[in-house]
Amino acid sequence: MAKQPTALIILDGFANRESEHGNAVKQAHKPNFDRYYEKYPTTQIEASGLDVGLPEGQMGNSEVGHMNIGAGRIVYQSLTRINKSIEDGEFFDNTVLNNAVKHVKDNGSALHVFGLLSDGGVHSHYKHLFAILELAKKQGIDKVYVHAFLDGRDVDQKSALKYIEETEDKFKELGVGQFASVSGRYYAMDRDKRWDREERAYNAIRNFEGPTFTSAKAGVEANYKNDVTDEFVEPFIVEGQNDGVNDGDAVIFYNFRPDRAAQLSEIFTNKAFDGFKVEQVDNLFYATFTKYNDNVDAEIVFEKVDLNNTIGEVAQDNGLKQLRIAETEKYPHVTYFMSGGRNEEFEGERRRLIDSPKVATYDLKPEMSAYEVKDALLEELDKGDLDLILLNFANPDMVGHSGMLEPTIKAIEAVDECLGEVVDKIIDMGGHAIITADHGNSDQVLTDDDQPMTTHTTNPVPVIVTKEGVTLRETGRLGDLAPTLLDLLNVKQPSEMTGESLIKH
């Protein structure tokens with residue numbers, strides 16, 4: 001007899017917001033979501049700031065969201081942890097950072113600092129760059145070259161000049177540091193093995209090849225004149241003493257989120273890299289703020305804090321069969337991040353990865369691979385052996401990042417169609433679904449004056465539990481979702497999970 005599965009369905013980047021203006025969630029025709037919302041118990045939970053282990057007021061993101069969801073507790077994020085280490089001075093005593101400085105001194109070489117130059121807080125924070133500059137100043141090294149990656153996605157599309165000016169003020173104040181190269185994150189921070197993009201960023205950084213400008217500001221302004229926003233700024237070099245990354249140099253990459261920092265790091269550190277032809281740098285000291293992946297051979301500045309008894313581990317220990325399913329863009333989130341930073345499958349776990357479409361930007365194909373994800377899940381449900389399903393629909397977030405209202409509405413409508421088939425099937429099997437999200441985005445894709453808004457929001461996310469006769473708590477946080485799943489599965493919640501079931505008892 002087929003099992004009665006319990007599913008967690010994450011509509012990525014889908015939150016509650018009162019105003020209809022620029023709100024694709026409100027404007028989309030979503031009869032299935034609305035039907036479940038009217039029929040079943042609902043609540044809303046917090047998905048940003050202190051509730052997910054980020055600084056107060058900081059918007060959530062997919063990595064943070066899935067980690068909190070899977071852990072069933074507040075997970076203090078790298079950003080909060082690094083900020084704290086800078087505030088209490090531990091940062092300046094960090095062994096790896098000081099080893100990088102020592103390497104530069106011993107070799108009479110240069111320190112290169114890579115990272116996303118913004119205060120978006122999703123991948124990095126530019127104040128961490130300032131702390132590295134302060135460390136260099138304290139240690140008396142003068143050749144410090146900053147290779148800045150421009151954001152325009154987690155912050156305003158044209159905000160780079162503000163960060164560049166503040167960084168140049170810091171160079172002057174400390175008497176240390178200069179910009180060496182600048183690239184839009186589209187090139188330097190790809191995560192889909194589009195090596196042609198990475199190659200352009202790499203050539204600017206490593207070989208000092210590319211368009212040349214007298215200053216970082218001049219290069220960005222030239223791009224703006226051609227209607228190129230920060231994310232897409234073509235890699236360029238800044239005139240100065242730097243001549244690229246050379247033998248004996250050191251690199252500190254201050255992005256703390258791994259997924260978009262791994263590829264560039266792999267090019268520099270993995271001798272087996274074959275995405276394009278590279279000349280390896282000899283005697284290079286390469287440090288990354290966190291562990292990016294197993295293909296990156298680097299010293300780790302902030303080692304991972306292990307998370308035990310995440311939802312996947314608890315399912316395994318209770319002999320449950322679980323499925324993780326998503327398309328490429330969100331696959332690491334339902335696997336690695338949901339498992340607390342673990343790549344290996346648990347016993348009884350299987351995974352389905354559906355390829356994301358190969359398009360330049362997802363507004364060109366708002367449905368992405370939602371229908372294929374849905375079909376794959378229906379196929380898995382037909383096997384009748386699943387207890388737990390962890391599913392992500394990427395569309396509201398990935399299309400929401402375009403800052404375009406119509407495609408984002410289409411994205412949500414496509415997901416709603418798929419949601420209906422999936423949830424109805426689970427209910428027909430006697431199972432239950434929790435429909436929710438990991439953070440906001442598609443709830444506001446236009447600013448009040450109709451400019452594209454490509455960032456996440458701090459709005460609370462909806463929760464629908466398709467079980468009649470229960471009452472949900474009025475509020476909660478992402479860390480309460482795993483305990484709610486365990487509640488539906490009648491599985492005891494481990495002590496490490498400090499979240500609380502959203503179901504009132």
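Positions of Cβ are set from backbone N, Cα and C atoms, glycine also.
Binding of Mn(2+) 1 is annotated in Swiss-Prot for ASP397, HIS401; the matching candidate from HIS456, HIS505 at the same site is HIS456. Residues ARG153, ASP154, ARG185, ARG191, ARG257, PRO258, ASP259, ARG260, LYS330 are recorded by Swiss-Prot as substrate binders, and the candidate that the same record lists for that site, out of HIS66, HIS103, HIS112, HIS123, is HIS123.
The Cβ of ASP438 (Mn(2+) 2 binding site) has 32 neighbouring Cβ atoms from other residues within 10 Å, across all protein chains displayed. Within 10 Å of the C-beta atom of ASP12 (Mn(2+) 2 binding site) sit 26 other C-beta atoms, taking all shown protein chains into account. Least packed by the Cβ count within 10 Å, out of the binding-site residues HIS123, ARG191, ARG260, HIS401, HIS456, is ARG191. Of all residue pairs in the substrate-binding list (HIS123, ARG153, ASP154, ARG185, ARG191, ARG257, PRO258, ASP259, ARG260, LYS330), the one with the greatest Cα separation is 18 Å apart.
In terms of Cα distance, the binding-site residues that sit within 10 Å of SER62 (active site, phosphoserine intermediate) are HIS439, chosen from ASP154, ARG191, ARG260, HIS439. Proximity to ASP397 (Mn(2+) 1 binding site), judged by a C-alpha distance within 10 Å, picks out ASP12 from the binding-site residues ASP12, HIS123, ASP154, ARG191, PRO258, ARG260.
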